[in-house]
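Novice: The following block contains the structure, expressed as structure tokens.
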Amino acid sequence: MNIQVLPDHKLSSVAPLKPCNVEKKEVELILVKDQNGVQYTSSTIMPTPSTHGTPCTAEELEERETWGKKIDFLLSVIGFAVDLANVWRFPYLCYKNGGGAFLIPYILFLVIAGMPLFYMELALGQYNREGAATVWKICPVFKGVGYTVIIIALYVGFYYNVIIAWSLYYLFSSMTSELPWLHCGNAWNSPNCTDPKLLNGSFLGNGTSYAKYKMTPAAEFYERGVLHLHESRGIQDLGMPRWELVLCLVAVVFLLYFSLWKGVKSSGKVVYITATMPYVVLFVLLIRGITLPGAMDGIRAYLHIDFKQLNDPKVWIDAATQIFYSLGAGFGVLIAFASYNKFDNNCYRDAILTSTVNCVTSFFSGFAIFSVLGYMAHKHGVRIEDVATEGAGLVFIIYPEAISTLPGSTFWAIVFFIMLLTLGIDSSMGGMEAVITGLSDDFKILKKNRKLFTFATAFGTFLVALFCITNGGIYVLTLLDNYAAGTSILFGVLIEAIGVSWFYGVDRFSEDIERMMGFKPGLYWRLCWKFVSPTFLLVVVIASIVTSTGLSYDDYVFPSWSNVIGWGVALSSMMFVPIYAIYKFLSMPGTFKQRIAYCITPEHEHHLVAEGATIRQFTLKHWLAI
């Protein structure tokens, strides 16, 4: 057993503790002991006799698991942040919004908002060593936003696991000598199914792009063979779950459970495969892609620079929302992951490294995607814009169709769907870890029964996901995708940024970081946290509400009642912010002013409120501090 005394600048740290009303902190010891290869740390204080307060109990000084190795943490963060959207959304957005010119707003928003928010969440979790809800002991009135992001992470798990299940279904379907979406004439094909060899620019005629043409074998395999969409009349006509997809979903949920059941001890090892595999596959697909005829036309289209597009505000909104969703701030995942770090870990370097890797991956994946889209356009004699698409249409229709025409198509299909599987699984692990850590830190009974709670969470997401694998399940998935983590997650992070930067205070937050790493964040980061990031988030929240339109899927327009349900789902997570704030205020003792003071003062300073001391939040100096 090692006993390590921290340097002087870390002595005042009370963060890793549940507050115990201790007045003076004289020394902090970190006890590190090896348990099954995983380090556990427990922070303790030697209190001096105090006229108020109680000594800390053993329970309050409980041990917190830490990552076995630093690389476990880095790979977990990269694995979470790098997901399907890096492959199926960014390349198309970049192409559509001016090619290389799109990188200007994208990199700008990365630097002024993406990285600062990423850094803030990592530092918040690491210093306080708590999940997304209990981390708000720094400003109790904001604890509701912790519940908001936990609920959103849970909602995303409902439908995200279904997309992973589709990938698994495609993977199993690829294990044949001839890929099932190569020809017509299968049980699921319609009489109108058209051989892709017959399709060219003149056949399609004006107005229909190849990507939107739904009569190809690949499009029919996805919509009729996998989704059975032709058997549903809309969201009101779901039918029963399909047994093949149920089995795939069971496999995904079991994989998630056994990755998470032992905490970071198990998940930290799974990411060695799930976070690195996509890079190997993307590189292999790129090498294959650039050898295809027409590939260079695709890459030129991807990189073409059109500065005129920057005059369109929609391009800037696209860049802002993409950088936000791509980095994954606000889901409580970064806070949960960072809470298992060692107290003196350099999370500043981690934030810069992982957010940069994520954005470079998005850009790099565009080459693998557009080299193949160029080949498709060349093969069918159409323009790049006719085959370019995003989302499920790209990875489940266009790309598989291109792969099916290559020599050794079975191998390429298996490799591609393994990449989709690994891209999805560690992002889903991150979301579920946010839920498990966030709630088990708040309710100790859940922490004591982690394996059971992990199973309950995984099984709960499985039950709701069954609605997404019925004949009309794609409509349920589209509704959840639009509303569960749309405006609500932007709202949650806006409140989080205001809570940390304004109510807790950027100066105090900077001192916390100095206690961990020995240096204060520079003026640039403090200005971003206090002014730039909240402003950025406010603009994006307003833009997302203003540009919100009725839901549709291809030609199907959702009934108005489904939009009402969608907004109900969005509000069901957001309402925790005001409801918890009101509850906290009403549950506090004292006068109106004292209640306000209790709500906005860190818990370990509540004795100052009781004594009637001046509270820093009631001074102008607090609000002006940077």
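Glycine is no exception: its Cβ is also placed from the backbone N, Cα and C atoms.
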Novice: Of the residues CYS139, CYS184, which one does TrEMBL pair with CYS193 through a disulfide?
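Specialist: Within the candidate set CYS139, CYS184, TrEMBL assigns the bond with CYS193 to CYS184.
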Novice: Do the transmembrane segment (527-553) and the transmembrane segment (397-423) share at least 3 Cβ pairs closer than 8 Å, excluding pairs fewer than 6 residues apart in sequence?
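Specialist: Stretch pair does not touch.
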Novice: Compute the C-alpha separation of LEU423 (Na(+) binding site) from CYS184 (disulfide bond), stating it in Å without decimals.
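Specialist: Cα of LEU423 (Na(+) binding site) to Cα of CYS184 (disulfide bond) measures 30 Å after rounding.
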Novice: Looking only at SER326, SER427, the binding-site residues on record, which one has the least crowded Cβ, with the fewest other Cβ atoms within 10 Å?
Specialist: SER326
Novice: I need the most crowded of these recorded positions: CYS193, LEU423. Count other C-beta atoms within 10 angstroms of each C-beta and give me the top one.
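Specialist: Its Cβ has the most other Cβ atoms within 10 Å: LEU423.
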Novice: Does the transmembrane segment (397-423) come near the transmembrane segment (103-124), with 3+ Cβ pairs under 8 Å (pairs 6 or more apart)?
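Specialist: Output no: the transmembrane segment (397-423) is apart from the transmembrane segment (103-124).
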Novice: Pairs 6 or more apart in sequence, C-beta under 8 angstroms, 3 or more of them: is that satisfied by the transmembrane segment (240-258) and the transmembrane segment (270-290)?
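Specialist: By the criterion, they do not touch.
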Novice: List, in sequence order, the residues of the same chain other than GLY79, ALA81, VAL82, ASN86, SER326, ASN358, LEU423, ASP426, SER427 whose Cβ lies within 8 Å of the centroid of the Cβ atoms of the recorded Na(+) site.
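Specialist: In sequence order, the nearby non-listed residues are ILE78, PHE80, ASP83, ALA85, ALA275, PRO278, GLY328, THR361.
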